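Okay, so here's the structure we're looking at.
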Amino acid sequence: MNFLSTFVTFQNLHEVRRLCHWGPIIALSVIAICSTMAILDSIIWYWPLDTTGGSINFIMLLNWTVLILYNYFNAMFVGPGYILHGWKPETQQDIQYLQYCRLCQGYKAPRSHHCRKCNRCVMKMDHHCPWINNCCGHLNHAYFTSFLLLAPMGCSHAAIIFIMTMYTQLYERISFGWSTVKIDMSAVRKFQPLMPFSVPAFAATLFALGLALGTTIAVGMLFFIQMKVILRNKTSIESWIEEKAKDRIQHYQTGEDFTFPYDLGTRWLNFKQVFTWTGTPKGDGIEWPVHPKCHQHTLTIEQLKQKADKRVRSVQYQAVEDYNGACCPLSKGIQTFFRTPCTEEPRIPLNKGDTILATRGTKWWMYGDKMWFEIRVRGWFPRRCVEKCHYDTAASDSTSDKKAN
């Protein structure tokens, strides 16, 4: 029972339901296939009990699997950390610098954002990752990034094993003719391995090699993206906010000098904010060390400015066609179907006559919000379903809107 209690560390058992999602199912399947095939091929190619090198190779392979799963499950089940429902700052005066979240019935702490998937305000939110079916944020950022580092390393090791196994097993079975190449899988080798290498084994190894190489490239790129923002003590969302700040200052020629508040000056100091020996990041997820020129609410004040600017620069449209909120609506045209935004942001259904405030868009889709039963809902909708209003009251309405999620 003691072993079981130490193994099951979930605060709530309902967290196990995170595994019942296409993201974890695919991720764990790839890990299982690559690990299992690498172990079996190691037995065929480099039997661990014959040589010291074989033993080291086998132990390293098991080590990769354990470390990858450890960081993966921690990233999933530890979670990013959430702002309490109804949270308010200790100082009443600080409320004016914060955004209010209607869904959580509280204020958003600095660096926190509301996740539509988790339906909570997340501490230092970076993004919602479908592969762990959870957000990447304050508490699990180090585990998630460690997983992104270890997965390509383990898959690279597995890929070498797959290549060497196929090479050694096929070397004496291949015969070259003038115009043909024949592979005789029934040929008897001088040294028979403990396990036979048949045609199905060859096909499975080739398939696992493709998975390993694809994972190495894809996950490796994600690792470098994460490290780029971590070494600047940012998140992916904060990088976007900083870019919008520069665009706002340039557009209005305000002459402001925006300094990102959480960059501590050196990469090493920024790195230590996320990675620690204990595995627990520094800080409580509410207050953060900041640049000497800044204060705790420098970024939240910039967010409020950008939100007000977005309301001023939004354009009012009216729906001229019904839209049911489908992700890829074929009835709205081939281009609309194939050019649907590649994002998990929601789509909003439209009824003819609805009024929408659009804030951004593409050639075939637009993003905006509308009032639905006294609740403001946001999302994408096809551009062909709306027409621009001849009069635009977005700017005047924005001054009366309450700060909301």
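Here the Cβ of each residue, glycine as well, is placed from N, Cα and C on the backbone.
Pulled from TrEMBL, these are the features on record:
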type     : residues : note
DOMAIN   : 98-241   : domain 'Palmitoyltransferase DHHC'
DOMAIN   : 317-389  : domain 'SH3'
TRANSMEM : 25-47    : transmembrane segment
TRANSMEM : 53-73    : transmembrane segment
TRANSMEM : 147-167  : transmembrane segment
TRANSMEM : 201-225  : transmembrane segment
Interface check, the transmembrane segment (201-225) with the transmembrane segment (25-47), three or more C-beta pairs under 8 A: yes
Averaged pLDDT, computed only over the residues in the domain 'SH3' (317-389): 90
Chain residues outside the transmembrane segment (147-167) and at least six past its termini with a C-beta under 8 angstroms from it: 31, 34-35, 37-38, 41-42, 44-46, 57, 60-61, 64-65, 67-68, 71-72, 75, 197, 202, 205-206, 208-209, 211-213, 215-217, 219-220, 222-223, 226
